[in-house]
Amino acid sequence: MTENHESHVFDPVTPDSPETAVPEVPGAQAAGCPVAHGRAPHPTQGGGNRQWWPDRLNLKILAKNPAVANPLGGDFDYAAAFRGLDLPAVKRDIAEVLTTSQDWWPADFGNYGPLMIRMAWHSAGTYRISDGRGGAGAGQQRFAPLNSWPDNGNLDKARRLLWPVKKKYGQALSWADLLILTGNVALETMGFKTFGFAGGREDVWESEEDVYWGPETTWLDDERYTGDRELENPLGAVQMGLIYVNPEGPNGNPDPVAAARDIRETFRRMAMNDEETVALIAGGHTFGKTHGAGPAESVGADPEGAPLEEQGLGWRSSYRSGKGGDAITSGLEVTWTSTPTRWGNEFFHNLFAYEYELTKSPAGAHQWIAKDAEATIPDAHDASKKQKPQMLTTDLSLRFDPAYEQISRRFHENPEEFADAFARAWYKLTHRDMGPVQRYLGPEVPSEVLLWQDPLPARTGEPLDAAEIAALKEQVLATDLTVAQLVSAAWASAASFRGSDKRGGANGARVRLEPQRGWEANDPDELAQVLRALEGVKESFDAKGGKQVSLADLIVLAGGAAVEQAAKDAGVEVEVPFTPGRVDAAQDQTDVESFAALEPAYDGFRNYVGKAARLPAEYLLLDRANLLTLSAPETTVLVGGLRVLGANTGGSKHGVLTDRPGTLTNDFFVNLLDLGITWKSTSSAQDEFEARDASGKVKWTGTRADLVFGSNSELRALAEVYAGDDARQKFVTDFVAAWSKVMDLDRFDLV
């Protein structure tokens, strides 16, 4: 709905960036205030180590949302609190807000519904399928940078209007859920039947630092393209600060056909096909209007840059009253239908009934007006005024792009089909980042199984008991499979998980299905050998006529058995925790195209960097650790353990700093920190290295993902813990804990 990567593993800082600029404080120089222009920023302003070493690893992304930042405490159970809500009563309270216009920000057409639809859309619309980041799941629209994106102009007012509802229901209704629920209520009160709503989005209490929004340092800049307008991965918008595309056309060029290319690419990157794209654009633009009553120069600072007395509101306009009919948001001034607060099919009628000519809004933005048309479109604040139908450049893309036109005409002729398509696409848009349906809460969750939710079959039968688990471990270890093979297969299965959108993981055993079984990082031939052997173990166990074991459980159990054996060989007895209950998904429950987005282009835990990776390996390792929701200590111990267990992709010896591969020792850390060796680069890209001892003999080889644990001061401090003479037991214990965490990341059925 328009008005208008990899995570941050390092912190680019420019001299004039907002985080390094020092605000002028009246009287500061005269009073000797330390906050003086031209000085390095105080730590409270974002100064510190990053000021001096902007390319240093940002380990803070491995410590997201710490417990000390949560005012609710660790015992707060949001799911239980949400279940206690009277949801119909909440919706009635929201509906009352929607039709109670406030003088401080008057409602267009007497109804805030369209504004709230845009708010919900923009909350969810930051999601991108490539890394699963963005989306509505944590209510990040409240925080920088999203609260101040140009495309989110004046949505601060929408959230402020909802404060009475939030205040009434307190922590039983998160902001994240409230934003999406309000979008649904807005649609319903304007005559549309939604597909459903699920709660369960828990609020966080700090801005995300792990999302790469683009390389630009200026709003609406577009340095993200190369070649023939090829958009950088994993980005999902065409310009910095936009949700999707520029409504005026590419870089403001009012070309509907060229705009269609941008639309298709950006919507594809958030998992929408052409039909869903048309439904969302047309459905959203059935309601409300854009705002461009005057020049953009009249608009003040965004919420994050506004003075304290604005109390979190931004974009104060000096143009006339600055609100209502004088409001400025995108600079465009378009109302699409004659019934902007009621669901209908008029958008398509207006799209096809007229020829349009290019014009400009009062703010000077490119838009289109119907030729030879009557003035049928109402004014939002003056009932005596009417205007001709108008469209955005991106609206006309639905008419002039051949594929979009075909869909649009079908929807025009079949209103019920259009309504169903919009309902489903809206539900997908607003729930795409929530993960499996086990996480959905509330009485309005649809019963229909949807492929994009990565469905799993229902679990049947009794879970395995301790004796059966022990017997299966013995059977696994009696095969010809090595520790490295078993560990690698389990990691390939479980480490596909992404904490960003809760997709992937071991449950479902999709590692045996397309597309995962063919991923380069998973060593397809080696993986196939392991799966055949484990399927044999499964068949033997199942044939006894008692309980059945899923391959999903068996893959994880086998990896755990291998870890136990490797620890035993190192002289440490340990039991790897295992909770049965995983199920096996079928190929027809797996959207191959959608799952392809989960393929790792890099995995530092397996010392794997694919050809498409664009950052040095140590940054990519942190990005993968962030997606796996790992801390810095967990990342450190897992890398050290997986190296000595031989879990590298392709059997690479890089980083296998041990004479006892397959044994769970702390040798990786001991040998990395050995004062008797010297590391030197062996590649022009400086991504491969060799270590020589005093005699000049090559002792080890490694990559940037290995050497960083001796180079980065914070990671070295962690490596020193595990390299200590007293660390043998602690290393194994911590490795097992971190391993088990990864194996269970997708076990939402256990919550």
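Even glycines carry a Cβ here, placed using N, Cα and C.
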Range annotated as region 'Disordered' - as stated in Swiss-Prot, picked from 1-22, 507-528, 683-704:
1-22
Given ranges 141-170, 201-230, 291-320, 381-410, the stretch to which Swiss-Prot attaches the annotation region 'Disordered':
291-320
Other CB atoms, at most 10 A from the CB of His122 (active site, proton acceptor):
25
Which residue counts does DSSP yield for the region 'Disordered' (291-320) in the helix, strand and coil classes, in that order?
6 helix, 3 strand, 21 coil
Among all protein chains shown, how many Cβ atoms are found within 10 Å of the Cβ of His285 (heme b binding site), not counting that one?
26
Pairwise Cα distance for His285 (heme b binding site)/Arg118 (site 'Transition state stabilizer') [Å, integer]:
10
Tell me the coarse DSSP state (helix, strand, coil) of His285 (heme b binding site).
coil
